[in-house]
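Participant: Okay, handing you the structure first.
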């Protein structure tokens, strides 16, 4: 079916074109040609213009929609002015691509309703012609490189409701013509270079619900006119330069959920009436000059969300209701009168509590692996900084503390507490252990050293940008800025890690000389509202640091009267002797002799991972002792080991009889070395030496999900419902990364419960990429070698070798059912009688009782709504038609509750119904009737045991 059969209504994240004809549904040739030019300009050349039935819906002779997903498509062209050849165009959504150039002014003649261009490389001004688009309701240009003044003509938009211009380089004042935008509900200009004050005319925007003016360049004070915006739910103003001013009048704004007035030079007391706005979910008044006591009315906020009064001049006592709230309340940098032995000191971050701190001893150095485990780097021990994310105040055993203020807030007012991030870029570092994880903060991150010897020091702050990637896609477009304070003095304004280091994944070390006079050192990193907040995803911003090293800057004096020249001579002679000794030893052991072709091939890969010697691996595994053998991987046995620095590792050893062979081993190394995600097993390095082919992974403490759910009784873990849901979401995130976010588009091909490992905190990590296949160019191809596990394999792959990422989606659906059910997918009643969990799901669908699938071991201790959602998603994922399965990014959104499960698609999800499957379903009914009695008896015994145990206590 050709392109000329269809009409288009909008060109968007989904390109939608809707048109109504009385008797025909043919696209005029002129518009068809225009559409082809559009795709060429966007450099989107791989769209099949023959319409897939999954993408078009029609009624009789009237074609209603055609959709083409162009969001996150890594488009690298420019914006096509040829869209004017599609006169019925209503929507443009090219968000999160890599498009460059300017915005075509020609678009001003189109009847557009929505323009979404978030997250690209667009430059130049906003076309003044946009003021002619009277139909426009939404203009989203956030996270680009647009510049110039805001056009006066934008004030002529009578229907505009959403104008998001944050994270650009706009300058000048907000035009007075904007006073006419009385339909606005959402206005954002954060992270720009605007000038002037916040205009009084905003009082006319009486329908406004969201107003974001963070680090915009505008100066204070906050105008009195803001009191008229009674519909406000989300007000964020921060880093507002200008004179001191009293707290703005917000008494009549009673729907407020998020209020951020951070670093706005506010003075005076905290207003009593704020305590009467019970809709608050997030209240941040930090880094102002507010004084006085906390009003009694604020007790009404005790069951609310988050309160940050950091960095003011508040005094008096801390109310009892604010004690023991953990990271949800921060009162640091104030003047409260507190007994150092009071619980407030431990739970509310009141700095006065450190005045009477007793040092265990004095130190002449400080080394911290921020966000990571303890490790040794060139003989120097970097202390662990991996405390619980729910704590905002951490006390080490060696005289240093850290304070992490804030939670990340998205558009939905949903706060998220994240304090550690793992690497998702390609690291180009030597001491990679210091940079694979980092400490992050949403507002302010402070380290205090209280027990240093007095003297001169060099404070070295180690940074590497690990949350953006360096590829030519939207994930490389993020910009992180924060300020660096040393001893409460601003040393660096708007520090940008990637820019300083010349790229993401590179290391930059900032050194600051400091004289310590009272044994105390303070390092503070502060987010001043600058930078993107939605790239590569929402809530990515704020300070990030990998490590801290503080060393004395004074060289030790020569002893015993030895001159400096003599000392240097001895050092040179000793160094030469050591070099010859090491060279001879290595030659004797064969390390410097000619290497095999395999080793040469490995060296040519130039991978960004560690290369281990065979001797290191043998020592770590006790010469591959069978006692350290922990399993069988895709290549051969897997051993547990311990490196010299104490790091526990898992070593995958290629068996000599492996069918996959050396070539695929090297391919796996090349592939895995480019992948970094919290839900993928981390590759530390490899060894290609002496005929041995070894991969060195992080050791994952709790083995596989399969063993935890339905392995031998002694290996099973009691996984409660929140943990199961967390595991399911983690696996989905890992697959979404493989399919859509990594530089290489990868299909795993063997997703199953045994290939999902659980770490100490029961976070899931996808393992065994030995069967993975790169999905580089074609979205669909025929696999020359079927690889996977029956029962988890998608039907189109198992029967026809038809491989796409939707095969992994199918396998994920099976794993999700296992997580809910707590039993293996494959059930063998006899040698010739095998059936699968998906058959039982169909039985329960017929009975309209899907919740019967939930693991009976959970009893009633699970969230019914979440369980139903997970089952429904699994059903959609296991549809027999690949095009009916959702993408993994859609699965993540549905699991996290950010997107509703579409009932229509759920009903459309088809399942094979061959005679054999119907027989299996009948067998399933009988089987579950039988085990139902066993489970009932078992649960009764468990409940009885619990009752007896409770009675004993």
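Glycine is treated like the rest: Cβ placed from N, Cα and C.
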Participant: Have a look at 423, 832 and find the one that Swiss-Prot tags as N-linked glycosylation site.
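Facilitator: Residue annotated N-linked glycosylation site in Swiss-Prot: 423.
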Participant: According to Swiss-Prot, which of these ranges is transmembrane segment: 546-566, 567-587, 588-608, 609-629?
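Facilitator: Based on what Swiss-Prot states, transmembrane segment spans 567-587.
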Participant: Can you tell me the CA-to-CA distance separating residue 632 (ATP binding site) and residue 789 (phosphothreonine), as a whole number of Å?
Facilitator: 15
Participant: Please report the three-state DSSP label of residue 265 (N-linked glycosylation site).
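Facilitator: The three-state answer is coil.
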Participant: In whole Å, note down how far the CA of residue 315 (N-linked glycosylation site) lies from the CA of residue 638 (ATP binding site).
Facilitator: 59
Participant: Could you check which of the recorded positions (378, 789, 797) sits closest to residue 132 (N-linked glycosylation site), going Cα to Cα?
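Facilitator: Of the recorded positions 378, 789, 797, 797 has its Cα closest to that of residue 132 (N-linked glycosylation site).
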Participant: I'd like to confirm something. Which of the glycosylation sites, 265, 315, 378, has a Cα closest to the Cα of residue 789 (phosphothreonine)?
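Facilitator: If we rank 265, 315, 378 by Cα distance to residue 789 (phosphothreonine), first place goes to 378.
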Participant: Can you tell me the CA-to-CA distance separating residue 697 (phosphotyrosine) and residue 630 (ATP binding site), as a whole number of Å?
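Facilitator: Per the Cα atoms, residue 697 (phosphotyrosine) and residue 630 (ATP binding site) stand 13 Å apart.
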Participant: Restricting the comparison to the recorded positions 265, 378, 630, which residue's C-alpha is spatially nearest the C-alpha of residue 100 (N-linked glycosylation site)?
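Facilitator: Spatially nearest to residue 100 (N-linked glycosylation site) by Cα position is 265.
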Participant: Out of 265, 315, 335, 378, 630, the recorded positions in the record, which is closest to residue 797 (phosphotyrosine) when you go by Cα distance?
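Facilitator: When the Cα distances are compared, 630 comes out closest.
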Participant: Rounded to the nearest angstrom, how far is the Cα of residue 630 (ATP binding site) from the Cα of residue 335 (N-linked glycosylation site)?
Facilitator: 56
Participant: Where residue 378 (N-linked glycosylation site) and residue 265 (N-linked glycosylation site) are concerned, what is their Cα separation in Å, rounded?
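Facilitator: Approximately 46 Å lies between the Cα of residue 378 (N-linked glycosylation site) and that of residue 265 (N-linked glycosylation site).
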Participant: Ten-angstrom check, please: count other Cβ atoms within 10 Å of the Cβ of residue 335 (N-linked glycosylation site), all chains counted.
Facilitator: 13
